[in-house]
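One structure is given below, encoded as structure tokens.
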Amino acid sequence: MALEALQRLDQQKGDLPSQSYVPRTMPQVLGMFDMTMIFMMIMLFINNPVSTISAGPAAFTYWLLGAVVFFIPCVIGVAQLGALYPQEGSTYLWTHRALGNFWGFFASLIFWMPGLLAMVASLSIGITFIQGLNPSWLTQPWQQGLLCIGLLIVSSVLALRPMSTVRLVVNVITLLTYGVIVLLGGAALLWLATGHQTATPFTDLHSWSITPSNFALYGSVVLAYLGADVSMIFGAEMASERIAARHVSWGGFFVIVSYLVITFALLVVLGPQAANLQAIAVISVIDHVFGKFVGNLAAVCVIAYFPVFTTLLNVAFARLLMVASIDRFLPVGLSRLNRNRQPSNAIVFQTVVASLCAALIFLLPYLLPLGQPTDLALVVFQVTLSVLTLVWAFSSIFIFVDLAVFYFRDRERFLRLLVVPLPVLWLCIIIAPLACLTAMIVTLLYSPIPQQISNGQWWYIVGGLTAICLVVCGIASMFAISQAAWQDQSFEA
């Protein structure tokens, strides 16, 4: 009854019911350090630079370019939106306030779906690091799938614990992972200091250039910077509203520096050919310089990162379902909290859906007579990941659309809460969506698995599935809005 009363009151004010209900029911336990660690965990996959080092020093050019044209504008945009509306829900809340119910739910749906698949993708990368410890482990897709599902269940158990417990685990594992990055930087410097030659020549200026042969990396780098708005899902659980802008600024700085350090270490110690080693190349750097024992310790720290990352995503995106449920766009059961003040039904629902996705990716190839299960699992995984990454990229454009709408709607309030000079903000609003759209086009033009799917086939397979995904999300949004409107009429009656 208390929720229904708040829904009636907020409807009269034009606010979402979740804006007032969540702060009353969820503990505000996340401080500046906690939010920064959350942001840094969400934004960094330690293996991302491996795929870029094949371009040599040009990898630095792409990481800096992606940061300037997309990531830094995203950080500034999220900081500004967090200053305007520091409540629970991130893109869901901001787009609802800017564009209304339909676009708010649509933006959150295409934000939520990729986050769900990222739970599976992160565990798949973690499995790759486990295989690096012993190549004879987990060689079959069905073994990888069962382990992935098992880790999803284990991570969901942690996700159901109090937020104070979750944040402690996230903080420790994030610090350990970034400690590995410091170790990588130290390994590169020690390698040079002990008289070894760099494995990559940096003096040729042409090797730093963007060329048609390496332009596919632009899409990979920009899309690696997706997710700057995820941490603000916890907006109503921050100890202070000022944390909103500060944590993304500090976290963004450390993320950019970390990607550059990892790239430097890989190029100095191993060289561009290390891209063939895939994710385990990161650990190979430490093996080369400090020995196998230290490398194994670093591998354990990195492996621990991925199930905890999955837990964090589960906790975060369950809150999207929770606020949408409070606002009557989804069944009310998804907003139920357990005794630890976690949206338990939403967490369990996401775990079940993610487990089904893992089964589809890793186990379905055994049922389809289309080739070797190992090859087919790779194709299904890459296509699914690319489609939902493109959907996620599309959702990030709403950050800048929302900013423009808020500026023109209430300039006085907007200028009063400005976090950067207005010309800088407008530059971000213009450049970032264009950079994102360019990255999406590049991703469609270049297949990451050309041996299995050619570039000519890739763009219409992935592009077609992406379009279908967006249409389905649009239809689902219309249905959700109609259900909410019907419930509004019931309240009025």
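Cβ from N, Cα, C; glycine included.
Listed as Cβ neighbours of the transmembrane segment (29-48) (distance under 8 Å, sequence separation of 6 or more from its ends, same chain) are residues 122, 125, 128-129, 163-164, 167, 170-171, 173-175, 177-178, 180-181, 220, 224-225, 227-228, 230-231, 234, 237-240, 243, 246-248, 250-252, 254-255, 258-259, 262, 278-279, 281-282, 302, 305, 308-309, 312-313, 316. Annotated transmembrane segment per TrEMBL: 29-48 (among others), in sequence order.
Taken from TrEMBL, the feature transmembrane segment applies to 60-81 (among others).
Taken from TrEMBL, the feature transmembrane segment covers 102-130 (among others). Panel annotation: around the transmembrane segment (102-130), residues 45, 47, 89-93, 95-96, 137-138, 144, 147-148, 151-152, 155, 229-230, 278-280, 283, 299, 302-303, 305-307, 309-310, 313-314, 316-317, 320-321, 324, 329, 350, 353-354, 357-358, 361, 381, 384-385, 388-389, 391-392, 394-395, 398, 469-470, 473-474, 476-478, 480-481 of the same chain, lying at least six beyond its termini, place a Cβ under 8 Å from a Cβ of the stretch.
The annotation transmembrane segment is assigned in TrEMBL to 142-160 (among others).
Tertiary proximity for the transmembrane segment (172-195) is limited to same-chain residues at least six positions away from its ends with a CB under 8 Å from its CB atoms, namely 37, 40-41, 44, 46, 254, 258, 261-262, 264-265, 268-269, 282, 285-286, 288-290, 294, 298, 301-302, 304-305, 308. The transmembrane segment annotation in TrEMBL covers 172-195 (among others).
Here the transmembrane segment (215-236) has Cβ contacts under 8 Å with residues 19, 22-23, 26, 28, 30, 35, 38-39, 42-43, 45, 48, 51-52, 55, 58-59, 62-63, 65-67, 69-71, 74-75, 77-78, 81-82, 85-91, 93, 111, 115, 244, 247-248, 251-252, 259, 313, 316-317, 319-320, 389, 392-393, 396, 399, 435-436, 438-443, 445-446 of the same chain, all six or more residues outside its ends. What TrEMBL lists as transmembrane segment is 215-236 (among others).
Within the chain carrying the transmembrane segment (248-270), a Cβ under 8 angstroms from the stretch's Cβ atoms is held by residues 35-36, 39-40, 43-44, 46, 48-50, 52-53, 56-57, 59-60, 63-64, 67, 71-72, 75, 78-79, 82, 178, 181-182, 184-185, 187-188, 191-192, 198-200, 202, 224, 228, 231-232, 277, 281-282, 284-285, 288-289, all 6 or more beyond its ends. Residues or ranges marked as transmembrane segment in TrEMBL: 248-270 (among others).
Away from its own ends, the transmembrane segment (297-326) comes close to residues 3, 16-18, 21-22, 38, 41-42, 46, 88-90, 92-93, 105, 108, 111-112, 115-116, 118-119, 122-123, 125-126, 129-130, 132-133, 151-152, 154-156, 158-159, 163, 166, 169-170, 173-174, 176-177, 179-180, 183, 230-231, 233-234, 282-283, 286, 332-335, 342-343, 346-347, 349-351, 354, 480 of its chain (Cβ-Cβ under 8 Å, at least six residues beyond either end). Residues or ranges marked as transmembrane segment in TrEMBL: 297-326 (among others).
Per TrEMBL, transmembrane segment is recorded for 347-368 (among others).
For the transmembrane segment (380-408), same-chain residues at least 6 beyond its ends with a Cβ under 8 Å from one of its own Cβ atoms are 73-74, 77-78, 80-81, 84, 91, 94-95, 97-99, 103, 107, 110-111, 113-115, 117, 121, 124, 222-223, 226-229, 357, 360-361, 364-365, 414, 425, 428-429, 432-433, 436-437, 439-440, 443-444, 448-449, 453, 461-462, 465-466, 469-470, 473. Positions annotated as transmembrane segment by TrEMBL: 380-408 (among others).
For 420-446 (among others), the entry in TrEMBL reads transmembrane segment.
Per TrEMBL, transmembrane segment is recorded for 458-481 (among others).
Between the transmembrane segment (60-81) and the transmembrane segment (347-368), the number of CB pairs under 8 angstroms, six or more residues apart, is fewer than three, so the stretches are not in contact. In this chain, the transmembrane segment (420-446) lies apart from the transmembrane segment (347-368): fewer than three C-beta pairs between them fall below 8 angstroms, excluding pairs fewer than 6 positions apart. Sequence-distant neighbours of the transmembrane segment (142-160) (same chain, 6+ residues past either end, Cβ-Cβ under 8 Å): 119-120, 123-124, 126-127, 166, 169, 306-308, 310-311, 314-315, 318, 338, 340, 342, 344, 347-348, 350-351, 354-355, 358-359, 361-363, 366, 373, 377.
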